[in-house]
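J.: These came from TrEMBL, pasted as-is:
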TRANSMEM  113-133  transmembrane segment
TRANSMEM  153-175  transmembrane segment
TRANSMEM  182-202  transmembrane segment
TRANSMEM  208-235  transmembrane segment
TRANSMEM  247-269  transmembrane segment
TRANSMEM  357-376  transmembrane segment
TRANSMEM  388-407  transmembrane segment
TRANSMEM  413-432  transmembrane segment
TRANSMEM  444-466  transmembrane segment
TRANSMEM  478-500  transmembrane segment
Amino acid sequence: MRTRKCRRPISYISIIALCVEANLPQRRLEPLKHSATHSRFDFVRADFTQLCLQDVGTRPEAVEPISDAASNVDKGSNFVHQEIAGELTPEDQAFIDNFPEYRKKRVMRKLDWRLVPLLGLLYLISFLDRANIGNAKIEGLPEDLNLTGQQYNIALCVFFITYILFEVPSNMLLLKFKRPSTYMGILVTGWGTIITLTGLVQNFEGLVAVRVLVGVFDASALAGAFSGLLAFVIVRMDGLAGIAGWRWIFIIEGIASVVAGVATFFLFIETPALSTRWLGADERKYLELRQYAVQGNSIRVREAEKTRKWEILRSVLLDWQLYLQALVYWSNTVPNFGMKFTMPQIIKNMGYTSSNAQLLTIPPYIVGAISAYVSSSLSDRFKWRMPFIVFAQVLVLISFAILFSKAENIQENIPACYFAIFLASIGFYPINPGGNAWTGLRNVLREIAYMICLGSIGGIVGSFIYREDESPKYPTGFGSSFAFAGLGVVACFVLEFLFWNINRKRDKFTEEEIRAKYSDDELQMMGDRSPLFRYTL
């Protein structure tokens, strides 16, 4: 067993990311029944059926106790601690065990109130800057830039290419920053600047260039409502200073992004050690110790994986789960991104003015946000993912069946078509959160990043399925969306059966039999292939 010195404070981003990577629930942790061979930091997911094995072993004799180092936090100093792979000293273990449950919840609530509003704002801005091109389209962007044929679709597509290429590297780079606020601030300020410059482009080439850069820097539902509302307000500036209304959409929203990016440098909270104003000394100590226990295991696994990089990559690329999960993602991303960029135009085709069409995009996104929250809450309550994902996919199927059959005469079928847009929005937004929670692959943080990349391929497809020469019927768009939603339903049932069958086979062996056959290290490195692992259904 080795020790490892760490000379930088643990960031809150790192706390959240490593809790996800270790597959630990952030709200409640339940230890396995303690035995001589298990650490009290062996955890089982309390809210799901997946088992997470933490590092076990003999604690080294001569090690600086973490509690001694952590106590320096009380004095407000930067401290040096000895990190023990997956183990705590007896004193620190006792501190964690005796830390009251109500205080754990209170600490996490404090973190939520400090982190979630700012992260939510950044998410909102990210969505606005990504999707406002759909609002700009009905305000004259294609005409002013002389776009022809599929050029608008190409401009949509190139964003996803760079987004896919930079998604995983960007997430890895974020965890390496000593101050995540620096990296987050650079990203937000960068994409805000690019969006502002979008309002100045004069041709197709310039539009493609800025969309490529937005994909580099931009590595939801309610956000879409703000997109339509802001577009409705901003286009009233049409002609101001001789600038077209669609250009003002990019300029105003881009400047707002730059301001938010600058604010991120100063408002983003980063480490317990720097949170003396709103966290007590023991609360800071609890967060640090919790992180050390999780991070020790993560470091140990990553060190072992360094010698197996190509083997791991090969196993991931050949993993059947990855591609079934991708179909679940595509049941959302293909129809969702296609609809996101085209919804203002579809509503305008009903006979509404551009301004009214912008306003009418708001209600579907609001009900979509409510749907995502309700579905996630019920899924957590019943501890069952598949039915809630499939129900959402069925709503998407129904919505596009209606649009496919009614959109040719859309002005005569306004209630049915607008209702179908509502149904689609209700169905879109629970799918990906449910899919993320359902991911059973061996490194959750890494696999979710891979899934986001694969899911974004659906954005490339969605960028091309709505062709202007097929308006208002859009048979390719509505038909493709229906097909991908149907494939997603099939993938969910296949995943459910395969997970159930694997769990059933593993239940035939006792834990004692498994541990007699495999060492703790072997079980740890197996990930979800471990016979102790149970998939969430």
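Cβ atoms are placed via backbone N, Cα and C, with glycine included.
Here the structure is a predicted model, which means the values were calculated and not measured.
Could you tell me the structural context for the features on the list?
T.: A Cβ distance under 8 Å defines the sequence-distant neighbours of the transmembrane segment (182-202), meaning residues of its chain 6+ beyond its ends; these are 122, 125-126, 129, 132, 145, 170, 173-174, 209-211, 213-214, 216-219, 243, 247-251, 253-262, 264-265, 268.
Same-chain residues lying 6+ beyond the ends of the transmembrane segment (247-269) with a Cβ under 8 Å from its Cβ atoms: 12, 114-115, 118, 121-122, 125, 128-129, 132, 135-136, 139, 180-182, 184-200, 230-231, 234-235, 237-238, 240, 275.
Sequence-remote contacts of a segment are chain residues at least 6 beyond its ends whose Cβ falls under 8 Å from one of its Cβ atoms, and for the transmembrane segment (388-407) they are 328, 331-332, 335, 346, 349, 371, 375, 378-379, 413, 416-417, 419-424, 426-431, 434-435, 438, 472-475, 478-479, 481-482, 485-486, 488-489, 492-493.
Sequence-distant contacts of the transmembrane segment (413-432) (same chain, at least 6 residues past either end, Cβ-Cβ under 8 Å): 220-221, 328-329, 331-333, 335-336, 339, 343, 346-347, 350-351, 360, 363-365, 367-369, 371-372, 375-376, 388-389, 392-396, 398-400, 402-403, 406-407, 455, 485, 488.
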J.: Do any residues of this chain, six or more beyond the ends of the transmembrane segment (478-500), have a C-beta under 8 angstroms from a C-beta of it, and if so which?
T.: 320-321, 324-325, 327-328, 330-332, 334-335, 338-339, 386, 389-390, 393-394, 396-397, 400-401, 403-404, 407, 427, 431, 438, 440, 458, 461, 465, 535-537
